[in-house]
């Protein structure tokens, strides 16, 4: 029998969340962001479920797009960081991948690299995030260059990215949206600005195409709301099992550093999961897991391969019982808050030794 630490991916939850997105953005095309192994949920598990139900898959790089194509998935892919060298352009066009152009060097590569077929492109403009994107005043020259290049598909898109969408009260959001909407250069035939947070908070930003990421996987993009608040269902269940149970005397120190002890006899369960699997090491006291239909608190430090839970008040729990680390019952947003981070990071840091099921 293999180690019980695993990810359970729920296709029905994925489809429910996609339905919620389409309800919030009626009539809009959907680019499903599946970069970083579908936010840790597994591109092998996610892409076939979404194939044919969306406009395109959004990935960070060529390698991620090729991995999707190798699955036999036919939905188009868009490289959101574009190409990292001119050599990648021919591979992209041969596989019908669209490329985001965000820098003059990428535009130069494109203009100087004749291609056998017209390549689909999106132009990224910087409206205030100051990370990637052309300046607004550069867009006309970019468009002129693309229009005169015979190996560029003329269905050119324009996109930007909001820096503070997860904080809807920030004035920068409306400033960026307004700047984007004021761009009147002809030739851009489709536009996109809305990520998960903007889809929910700024309907006026939805434009032609929306780009859901974290909400697709049933996780809230906001610090003060969870998946249930937004009508989303977690796609990932991070699971393990009780591998050992020990009855300890009063004041027995548990785990590295002896950071936890009880003034009465305690019953400690060992769960086969730790920071080597992607569970955060630094969590606050009484962070829960879900066992036998109830929450049980983690005690002591999280180790590389295991963590310990207090079963003193739960005598019915046995070795082999299933444990949910996060998922349907214990939302990942809660664990992220306990660890002082965000759900995105926890999903993406699941290690390779955790198997998908």
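Cβ atoms are placed via backbone N, Cα and C, with glycine included.
The active site, proton acceptor annotation in Swiss-Prot covers 35 (among others) and is backed by sequence analysis. Listed in sequence order, 58, 59, 60, 64, 80, 213 are the same-chain residues at least 6 apart in sequence whose CB falls under 8 Å from the CB of residue 35 (active site, proton acceptor).
For the recorded site, residue 256 (active site, proton acceptor), the DSSP three-state label reads helix. The Cβ of residue 256 (active site, proton acceptor) has 11 other Cβ atoms within 10 Å, all protein chains considered. Annotation comment: Swiss-Prot describes 256 (among others) as active site, proton acceptor.
What Swiss-Prot records for 131, 304 is substrate binding site. Taking Cβ-Cβ distances under 8 Å and a sequence separation of 6 or more, the neighbours of residue 304 (substrate binding site) in its chain are 274, 275, 276.
Under the DSSP three-state reduction, residue 35 (active site, proton acceptor) is assigned to helix. According to Swiss-Prot, the N6-(pyridoxal phosphate)lysine annotation covers 35.
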